[in-house]
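What TrEMBL says about this one:
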ACT_SITE  ASP485  active site, nucleophile
DOMAIN    59-289  domain 'Glycosyl hydrolase family 36 N-terminal'
DOMAIN    657-740  domain 'Glycosyl hydrolase family 36 C-terminal'
SIGNAL    1-23  signal peptide
Amino acid sequence: MTVKYLPRPLSAAALLVFAAVQAATAQTAAPFHFDAATNTFRVDAADTTYMIGVNENHQLQTLYWGKRLSAKDHFARAKSSPGTSAFDPSEGSTPQEFVGWGGVLYVEPDLKVTFPDGNRDLVLKYQSERIEGDQLFLSLKDVSREVYVTLAYRMDAETGILRRSAEIENRTGAPFTIEQVSAGTWNIPRGTDYKLRYLTGRWAAEWNVQEQEIHGGKTTLESRRGSTGSQNNPWFAISHAEANETSGDVWFGALGWSGSWQITVEQDTLQQVRVNGGPNAFDFAYRLQKGERFTTPYFYGGFSSTGIGEASRKMHRLEVNTLLPRPSGSALPKLRPVLYNSWEATEFKVDEPGQIALAEKAASLGVERFVMDDGWFGQRNSDHAGLGDWYVNKQKFPHGLKPLIDKVHSLNMEFGLWVEPEMVNPDSDLYRAHPDWVLNFTGRPRSEGRNQLMLNLARPDVRAYVYGVLDKLLSENDIAFLKWDYNRNWSEPGWPAVPPEDQKKVYVDFTRNFYGILAELRAKHPSVEIESCSGGGSRVDLGVMQFTDEVWPSDNTDAFDRLSIQNGFTYAYTPGTMMAWVTDSPTWVNQRTLSLEYRFLSSMQGSLGIGANLNHWTPTDFDTARALVAQYKSIRETIQRGALYRLVSPEHQSEESVTESVSRDGKQAVTFAFLHSSTELYPYPRIHLRGLESDAMYAIKPFAGKLAADTPLTASGSYWMNRGVDLQLRGDFQAAAFTLERLD
Ligand code: GLA
């Protein structure tokens, strides 16, 4: 088994976790076929076919990626593109799977290296193939030097999503430096009317869906921030201009990497659109010693012939079926418990009696997991001090965490805790003892963000410290959940302790150590779950999702703003991972007042949490919340594991938005509808459901808001999808929700 991009050595226990994940995924992969007569490789799954050929120049060429072909279709031997002139010869215009920078190449390369003698020419030729179980491995080698590249491919049988990575091996007998590396190139069929969708954002405003036409030139989606970031998210979708939510061909992909990354979308001189991605090439260098190998992150890519909505559902299925952590022996990740978090109620003012009072109130609502946020450790009374000192603050918790944890357990809830392990405040014991542990350039200023510096997790001693404090915390306390935060981006990314030629390895080694710590903690404490938070949604990607059960999409908890934030999130990521708290109103974000019911319905579109100050709630608030928490428990499997249909998008300042989730067994559908503000007596648009069985009968039941008076109690799937449902929604910031239960 090859373990990708994890630091070596990993403990045996951590490897076991990966073995379990790999075993779970192994059952669902599609087989590759090699046709020796034409030197072509083919894989088919779901509605997708992918084909690779070896051309007369011994290059690996994408032959086809798109809607599934007939088994009777055979491709001729690959033939390179002739190019157009001396200015644009064949190398650049042939749609290669993986291309080194060398020879005549002007498109974005997949690999660029510098050898110690100054030579920077790398021309990779196909060598051999290996089909091992459900994976295809294709080997390339430089024309003269002992540089080997092995491309690994695996296609998920249920979704047709292909997972790719590349392994670079140095057998030259001397080190060389990788200056740019990608998992491979996705070649989109030649076309001139393509549109690119991607995600942008910033703190408290993550997950905006952007659309732009693809013309000649290049668009780079990236993070230079050291981690995933929210300025762009490592996801893309490319479609013909007319494609929309429900129809049209869509090619989409996501990079599984939580360090600085880049995805380039390039239309070359012959209007071929190609996409590649990997660690960000900006300020990048990775010196590969002789005998060493470098494995890229996974780049996942899929195809939908039925619009962008199906592209998202495929991503969701891949994540739920194969990627997210799951208990050993279980096919699916655990359902998310209803959670309470104290942050917005108390901020840093946490103490034993205050947390117990909140826990009692939370338990009375049916909350299943109580999470204490920031402020419980070191001298952490504000964001100016304490990060790095992961021992319990004795003034706030004189008897340690045990009395609070015991109390939470006695209320039938699990206990969770906030940590931010990669950071340090200059005002902390840790920094006073180890000022050299942070990212820095010798003699230069150390820029702070939220009064904190970045620990250099690439350093073995820092990695050991971080693992040690977390392992101790989890060993000494009965903790079921960590909210793992990360509240700034990098600056001055120096690593003075290693030779200058190795200092830029920080970008990769930091991220690998982050994953390594997560993997080892999970292996040693298998029942502990983890949330990836980064001041909101700044570290959400398919890399971290292999180790974390849920993510925090945004610090913006305004239930109306959240509709757009959550909508954008679902383009790439499953609602099952999307933690969404009900917080107080008016919100700190917009001073907007929203009803408790509206706030609940917005949060119920994901994994439900409550983050309000329960000390301020009225008995009526408790009654409303209790009923909606109970309702959520009866629909959460549908929301978290079902198929999501974005029926009406909140994008482009829409007055309305509607989502529907259909359970895996098709027995339940849940619909949420929101109205910004009605005008001039216009009725709410009719809702046409999707994903139901035409002839099956379904009973409709509202649990918030009102259906139109003429709505039948039961009707066929065909009725609900074609005739549709009318709601009585009028006013400002109104919401309604209903279920459909199939009558078997
Ligand atoms: C970040 C998180 C918040 C909260 C604070 C605590 O901003 O996103 O949810 O945990 O840190 O300092």
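Placed from the backbone N, Cα and C atoms, the Cβ positions cover glycine too.
In TrEMBL, annotation is done automatically, which means it is predicted and not curated.
DSSP assigns ASP485 (active site, nucleophile) to coil, not to a helix or a strand. Within the domain 'Glycosyl hydrolase family 36 C-terminal' (657-740), the DSSP-based counts of helix, strand and coil residues read 7 helix, 42 strand, 35 coil.
Averaged over the domain 'Glycosyl hydrolase family 36 N-terminal' (59-289), the predicted model has a pLDDT of 97.
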